[in-house]
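Comments concern the structure below.
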Ligand SMILES: C[S@@+](CC[C@H](N)C(=O)[O-])C[C@H]1O[C@@H](n2cnc3c(N)ncnc32)[C@H](O)[C@@H]1O
């Protein structure tokens, strides 16, 4: 089998698994394993591109297939989607794209599909403009988003929804956070420059760096020594908002994989204690691994933060970071499988879960203490509306408005949308931040 066919075969298997419910992060390592750097890049591009344009490609394919393929031939169905992706979005020579896609069917052990693939792809080449024009009347296909999510975005962001969905389908920037305990940003930028890697400071952050080119993370200077972490600029806004000081007891309520846990420890080395709670033990192990690489320490607890009676020692916290489980609709550009997996009912379930976690952790905060509520969602039900409802029902919660030149004020907090907003050429992920302070008088 040629390397070309292998990339397409692997991408088709991965796309088939994701379209049947597997998470992209669970299938990606095997799909890329053992490939040369060039083939890795191409396979990665096929998988991410196929997911970013999934609804669009499905609509085109539906217009080309006389009847749907059998469920057991999901791999061939996905190979066809990837063939259409190559012909419509990549600068691969059409003849080579068709040939290698047909070869990939043989590699999948389905030589019978060679004729079908050849016919469908050649038919697309002939009818491309007619088929693409038909998509204009189908918003889900045109924007490659599920219809229900488009409707919610239109409702929440009537002026920005189109920019949001277009940004969701683009490749995200690659950003780092320099480990403040090991050095400063200027010093690390010099090390990158010495290694021939183009990079620039990340706006709104003290230790953020944006790489101007693709890079293999574990080959960047100081990776093994823990001199930096990969983290989007939006996530780097959490630690400064907590107002950390020496001697504080801090709760990181939903910790894995530990990006913000590490940032808290890097920001304030003299905390009395940082307790990092995570529900899932395998994800807690990722927190442990990340802290080990960065040479940082915290008290790691596997538990349900919604049931403090199972793990809390009764000593109040000065600061609480609640980086709540959410729809992750602000990071679709990094996790395009979200568009295939999320369902409308998930949003209701998640908003109930978030409300329950807010209610559960609030009593753990000392009077005068601060809680930072965070999501990587762009849906107002999980963000401004969630926090406003909490402030309404909780007599001791006071919003502490965030004075910042990023994002936009919404409810008690600020919303970042992953779009170019005139200030930043390179938009950050879609996050929501709200600071709440606890009244000194518990009876207030
Ligand atoms: C948005 S992620 C946190 C990201 C993390 N703060 C970071 O910056 O790397 C939410 C995490 O909360 C965890 N989680 C969900 N429900 C939880 C619960 N009831 N108690 C503790 N952790 C929970 C999830 O497993 C997930 O790892």
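Cβ atoms here come from the backbone N, Cα and C positions, even for glycine.
Since we're looking at a predicted model, the values are computed, not measured.
Coiled coil is the annotation TrEMBL gives to one range among 193-220, 221-248, 249-276, 277-304, and that range is 277-304. When TrEMBL records 254, 255, 256, 257, 258, 259, 260, 278, 304 as binding S-adenosyl-L-methionine, the matching candidate from 313, 318, 323 it lists for that site is 323.
Look at residue 260 (S-adenosyl-L-methionine binding site): DSSP puts it in a helix.
Note on residue 304 (S-adenosyl-L-methionine binding site): other Cβ atoms within 10 Å of its Cβ, all shown chains, come to 14. Cβ contacts within 10 Å of residue 256 (S-adenosyl-L-methionine binding site), excluding its own Cβ and spanning all protein chains shown: 24. Fewest other C-beta atoms within 10 Å: among the recorded positions 254, 376, that description fits 254.
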